[in-house]
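Since the structure comes first, as structure tokens, the remarks are kept for the end.
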């Protein structure tokens, strides 16, 4: 059943592709596309009552049964929350994009990418199978790459798309490694079955690498420190994409993964330290850096980073309250961040700039947009009023940071630090939220700086953010509205047992409230006096930014790769030959030494006679002398002695056929050498430096020694009876010939001969071709 | 085959081999290429003798082809080298 749900966006994308030409230009394609998420949203909503009663729905289709990989989809509370977010915000974003993107854009491409992304995101959050999950994970990376680079004529878009691709695919591959280890350790690919084997897995030595690799994947996807650097660059995407992918859905894939596997990992100190530690660092760094941005979307990008860090850290805390708060904040963040991105898009659309230094005082021009932004920013800041859902989850966050799950060892010692970090990050969150709102909508109007005269956005563009803001307010006023139906099942799915927490605005004067008040006071003070302390940004990020680290890493990598390749790919054949021979010698000698392959035995030797010795000595002298010849003709004549000596040896060892052939080949070779000499330049003395000449000598000596040793060893170890007796016996009776060599060549092993003939034929054709083609070319040039 | 005949053949064989060895000296240290060419031609002649002696000793006629072939091939090789030394090319393009 779920297979069809997930297939729906893919099918819709395919249909869009098929009918792209016949779609009329009179109405916006987005209207058609909006049907898909809407239908899916309704479908998932109908499932919600079963799930809130604690009955997960599963569906299973075989894919690669031989490897135990099934398209197994599973809808529990956590998946339901995500599917509703994906389809619900997907619907709003498509609606928004209808008004945002003009019909001149390449809309078919845009919506195909968007539908692909939606389908893969749905698949990701519903997969129960590790490898299916990974497949959809990479699908989201690819479709996100396509969406970020949608305006591919802009260099910044291409850069951002490439960067996000590199970082998320790097994380995805790490995660695949972790999944493979999980598979090896548990022998199953189903996530539910893996979680049921938690005890054995915790004891396994593979636990730590699995944990680290999977977290690496989750951190890079969810833009955690230090992998957050791709998210600000991904803001080059069209604003609907930023609102959808980079605030509500894709960047929460890593959060989803950690939440999904937290049943497996929770209780381990490493998990606690990594997830909450990195989460809090991301929270602080992201919010600190957000204050520095001047681009509206830049602020929102860093704000997303910091909010994701906050959710991540709550997942790391691991207590029931923390998990509930995390789920609550996932929902709240999607609502207010989605609406804020849309507001930023509206401002950009109606004024022509997103630079906050040029904006200001837009409240009088765009009162509705300003109101929407007011709710979004104050909810993001966690302003203590019961109409902002962000405040509720932020307070639960403070509460959770005070009561972390009882860890041991190092984790216990660092846990008391967490509330301070949480407050610090939240103070900056407050500052940039205020900065975002007041910088855009209050203050002086700078009409001359704007490209267009600002005016209120079209009605249709305001509806999607308006609906999201409705959620902010409704959840803020009535937080328990979605509690039983949506949040409790999701938190229950993460924690493994049902969690029922009553969300209330007023708890009495307790530490979380005091922390909130500190945040508001300190944040307000910092915001008011922002221009006095802004100088700190010159020193604190200074040269230390993840973007620069990424750049430096890439540059170093490219430079190192060039250097390494350049160091041995010099184009010098003699160097390549030296490397090949050296490698051969090292591997063969090493292998023989390791396996004890060298053998020496004199049992099988035949007596040596004088003629053979003298012939051998003659050949040796000639072979060595060839190296020192100054002219080519002399070298050829001297090497001819070796050839004649070889044929003499064949005669002495009673091989008349070989001797015949050897003589002919020797003579033909000499003639061929003489033929081509007239085309060669004058032979120059070896101009290599002494050191490399010595190296050449050593390498050649080593190769010669090795071959000699191998020959001796192979002669000394006779393991089987030679087959030659058979040929001697049957050459006449079977082959009908007395010349055993020839019978073997054309009868017993005729196939070899056939291909040797082929080789000769090809060589002849090749030579003919080379000569002819060269001549024809020459003729062509003359014409 | 009587033993003194066999001894004569062996001695001839060794003497021929030694002459090859001495010719190698001329080939390697020969001052000019012409010296080398003559020496390698002579080595070919010695090869004929050695092959004949070996076929006597082995009491076989299978090596006679080799003897004839060496005669032809050393001639060809020597002519080729001589022509190369004389003109620098083996095949003249313009034959008029």
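Note: Cβ is positioned from N, Cα and C throughout, glycine not excepted.
Feature annotation from TrEMBL assigns transmembrane segment to A:6-23 (among others).
Feature annotation from TrEMBL assigns transmembrane segment to A:30-46 (among others). Packing against the transmembrane segment (A:30-46) from elsewhere in the chain are residues 5, 8-9, 12, 16, 23, 75, 80, 83-84, 86-88, 90-91, 94-95, 97-98, 101, 107, 111, 114-115, 118, 122: each is 6 or more residues past its ends and has a CB under 8 Å from a CB in it.
Per TrEMBL, the feature domain 'NADH-Ubiquinone oxidoreductase (complex I) chain 5 N-terminal' maps to A:63-111.
Sequence-distant contacts of the transmembrane segment (A:80-101), counting only residues of its own chain at least 6 positions beyond either end whose CB sits under 8 Å from a CB of the stretch, comprise 28, 30-31, 33-34, 37-38, 40-41, 44-45, 47-48, 51, 107, 110-111, 114, 118, 121-122, 125-126, 238-240, 243-244, 248-249, 252, 256, 327, 330-331, 334, 338, 342, 345, 349, 457-458, 460-461, 463-465, 467-468, 486-487, 489-490. The transmembrane segment annotation in TrEMBL covers A:80-101 (among others).
Annotation comment: TrEMBL describes A:127-405 as domain 'NADH:quinone oxidoreductase/Mrp antiporter transmembrane'.
Residues annotated as transmembrane segment in TrEMBL: A:131-152 (among others).
Annotated transmembrane segment per TrEMBL: A:164-186 (among others), in sequence order. Counting only same-chain residues 6+ beyond the ends of the transmembrane segment (A:164-186), those with a CB under 8 A from a CB of the stretch are 130-131, 133-134, 137-138, 141-142, 144-145, 148, 193-194, 197, 200-201, 204, 206-207, 209-214, 216-221, 227, 229-231, 233-234, 254, 257, 550.
Listed as Cβ neighbours of the transmembrane segment (A:270-291) (distance under 8 Å, sequence separation of 6 or more from its ends, same chain) are residues 208, 211-212, 215, 219, 223-225, 228, 258, 262, 298-299, 302-318, 404-405, 407, 410-411, 414, 418, 421-422, 424-429, 431-432, 435, 530, 537, 540-541. Feature annotation from TrEMBL assigns transmembrane segment to A:270-291 (among others).
For A:359-383 (among others), the entry in TrEMBL reads transmembrane segment.
Taking Cβ pairs closer than 8 Å, the transmembrane segment (A:417-438) reaches residues 276, 280-281, 283-284, 286-288, 290-291, 293, 296, 299-300, 302-303, 306-307, 309-310, 313, 317, 340, 356, 373-374, 377-378, 380-383, 394, 397-398, 401-402, 404, 515, 518-520, 522-524, 526-527, 530 in its own chain, all 6 or more past its ends. The transmembrane segment feature in TrEMBL is assigned to A:417-438 (among others).
According to TrEMBL, the feature transmembrane segment maps to A:513-533 (among others).
As annotated by TrEMBL, transmembrane segment applies to A:573-598 (among others).
Residues or ranges marked as transmembrane segment in TrEMBL: A:610-628 (among others).
Annotated domain 'MrpA C-terminal/MbhD' per TrEMBL: A:618-681, in sequence order. On the 0 to 100 pLDDT scale, the model's mean across the domain 'MrpA C-terminal/MbhD' (A:618-681) is 87.
If you look up TrEMBL, you'll see A:693-772 marked as domain 'MrpA C-terminal/MbhE'.
Using a Cβ-Cβ cut-off under 8 Å and counting only residues 6 or more beyond its ends in the same chain, the transmembrane segment (A:753-771) has close neighbours at 745-746. Feature annotation from TrEMBL assigns transmembrane segment to A:753-771 (among others).
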Does the chain bring the domain 'MrpA C-terminal/MbhD' (A:618-681) near the domain 'NADH:quinone oxidoreductase/Mrp antiporter transmembrane' (A:127-405), so that three or more CB pairs sit under 8 Å (pairs 6 or more apart in sequence)?
no
Residues sitting near the transmembrane segment (A:573-598): Cβ under 8 Å, six or more positions beyond its termini, same chain?
688, 695-696, 699-700, 702-703, 706, 709-710, 713
Chain residues in Cβ proximity to the transmembrane segment (A:513-533) (below 8 Å; excluding those fewer than six residues from its ends, i.e. six or more beyond)
291, 381-384, 391, 394-395, 398, 419, 422-423, 426-431, 434-435, 438, 507
